[in-house]
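Peer 1: Before anything else, here's the structure in question.
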Amino acid sequence: MGLVIKCLVAVAVLASLSQSQGGVGEDVEAKALLSELRALKDKIQARRETLSSQDGQLEGLQAAQRRLQSRVSEAEFETFKSEYHSALSHAWLLLCGALVMLMHAGFSMLEAGCCRAKNTSNVLMKNLVNVCMGTIGWWVFGWALAYGGPYEDDGTLSDKFIGRKEFLGEGMLVETATGVMPATAPNDHMVAWFFQWAFCTAGATIVSGGVAERVQSPSYAIFAFVMAAFIYPVVVAWTWGYGWMYGSIGTLSTGFMDFAGSGIVHLCGGVAALAGTCVLGPRKGRFDPERSEEFEAHSLPLVVLGTFILWFGWYGFNPGSTLSMNDAETGAKAAMIAMNTTLSAAIGGITVFTLRYIITRKYDVGGLCNGILAGLVSITAGCSNMESGSAVATGFIGAIIYQLASMLLVKLKIDDPVDASPVHGACGAWGCLAAALFDFGKDFECYHGWGGWTGTPSANDPLKCANGGDAIVAQIVMVVTISVWSLTFASLTFGLMRFTGMLRIDDYTEEVGMDARMHSPGKAYIMNPTPGPPPPPEVAKSSVFI
């Protein structure tokens, strides 16, 4: 402001000088004022340039601030999105794990209905004990052997055989600034522990049906612990735990493929059930023609109820094996899996029902139920990598395999009260092969990370079946390995208990029923209730039916 006033004064002075004809002294003074005026102009120009430069710098700083705010917002959004996806996947796994856990109710109802009424309480107790002992075994040893690691940088298990960390749940809690908290991604193992626990105890429950009505309860409790702590977890370590079957097996270019457990869960449990059945021997009189009716299912309503519960739980078993639910692709995958699961179950049930009618000329409801289960087991390995038509074929062939295996057991006089080994063992093996035979030609890595191999040389293969020899061989290796492992250690466990005399109940208990001898109350329910006292005569006479 001072510079402007000085300029105005200088201009006025110059104007007055120009109008007068002053002397030489006045000219000198005018020149001095002009010089000062020029200097002031130069200062004004310099100040303008400085202000202009500062304005440019200010605009640059404002732009940088806007960019920084945008970046912070994007980072916050990405963090929120990541946490949201993690929470959604956790909720998905918890829900599906609960559905799989509900399958124990289905196993209990199915097994109770297939067995004789005099052993119903024992059957139900055995299934409850199975879950309890299996849970302890999974916590103490099972999880650590299956998923405990350590892992290499490429994600594979270090020694390719078993895990060696996280026994007794060690390492699942971490210290934070706010205190001890559950570990978060990528080390949030608790949700995986829960989901895989449901699978583990389901696999152990399969054995319960095969040894029903003659195994001592404490002995079965011991086996349930061994199954959940050692037999099943080692199979998981080799496969889902990124062990020696993952990626490639030996010189083969491919690894295993078992999306939800036809081999890992059902084959392992079915073969163990077969081992227990053979070591125990048949129930007294089971293959006596004069007593055949005595061993028929005592409650078809329970069998049907159990089948429906198992079918319902399978929608946690198979779709839940996506292991996440955080984008549209995964949702579409889960929907395809549910569709394939449904189709295979339906065609499996109808196929066995038809075969039994052709053989006996009678409707067999129990056969229909086991046919549904045969279809479910068969589709479990390949439910994520085949078209709906292939799912129908898988269930159809699985039903035929179940029927043949069931007839073979009877021929060999192997007593399996619920057909656990034909349903889960035979159909589990078939399901592993079907996953390769009916692969629709896309890389399995697109659907899950376990095997990572392509079943067909070309996605445009007109047959849409796996032509790669390595894929079939890999599946055969998996089936044989799981069968040998499970059969060997289940036989050793049951055999040791038989050798010590603690495996089988005595003949008298088997004859009168385990409920009457070992349980209180002595009956699960009253089959023939005693009629109450008759009503008083005056009440009876006044009763009128309109």
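Keep in mind that glycine also has a Cβ here, set from the backbone N, Cα and C atoms.
Not my notes, these are from TrEMBL:
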{"type": "COILED", "residues": "30-78", "note": "coiled coil"}
{"type": "DOMAIN", "residues": "91-520", "note": "domain 'Ammonium transporter AmtB-like'"}
{"type": "REGION", "residues": "527-546", "note": "region 'Disordered'"}
{"type": "SIGNAL", "residues": "1-22", "note": "signal peptide"}
{"type": "TRANSMEM", "residues": "87-107", "note": "transmembrane segment"}
{"type": "TRANSMEM", "residues": "128-148", "note": "transmembrane segment"}
{"type": "TRANSMEM", "residues": "190-212", "note": "transmembrane segment"}
{"type": "TRANSMEM", "residues": "219-240", "note": "transmembrane segment"}
{"type": "TRANSMEM", "residues": "260-280", "note": "transmembrane segment"}
{"type": "TRANSMEM", "residues": "300-317", "note": "transmembrane segment"}
{"type": "TRANSMEM", "residues": "337-358", "note": "transmembrane segment"}
{"type": "TRANSMEM", "residues": "388-410", "note": "transmembrane segment"}
{"type": "TRANSMEM", "residues": "472-496", "note": "transmembrane segment"}
Peer 1: Taking residues 6+ outside the transmembrane segment (388-410), which of them lie with a CB under 8 Å of any CB in it?
Peer 2: 339-341, 343-349, 351-352, 355-356, 367, 370-371, 374-375, 377-379, 382, 416, 419, 421-423, 425-427, 430-431, 434, 438, 440, 464
Peer 1: Between the transmembrane segment (190-212) and the transmembrane segment (260-280), are there three or more C-beta pairs closer than 8 Å, counting only pairs 6 or more apart along the chain?
Peer 2: yes
Peer 1: By Cβ distance under 8 Å, which residues at least 6 away from the ends of the transmembrane segment (260-280) in the same chain are close to it?
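Peer 2: Hits for the transmembrane segment (260-280): 199, 202-207, 209-211, 214-215, 223, 227, 231-232, 235-236, 239-240, 317-318, 320-321, 337, 377-384, 414-416, 420-432, 435, 478-479, 482-483, 485-487, 490-491, 494-495, 498, 503-504.
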Peer 1: State the non-local partners of the transmembrane segment (472-496) in its own chain: residues 6+ outside its ends, Cβ under 8 Å from one of its Cβ atoms.
Peer 2: 207, 222-223, 226-227, 230-231, 234-235, 238-239, 245, 249, 252, 254-258, 263-264, 267-269, 271-272, 274-276, 278-280, 425, 429, 432-433, 435-437, 451, 453, 466, 503
Peer 1: Count the CB pairs under 8 A between the transmembrane segment (219-240) and each of 128-148, 300-317, 337-358, then give me the winner.
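Peer 2: Stretch with maximum Cβ contacts: 128-148.
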Peer 1: On average, what pLDDT score does this prediction assign to the domain 'Ammonium transporter AmtB-like' (91-520)?
Peer 2: 89
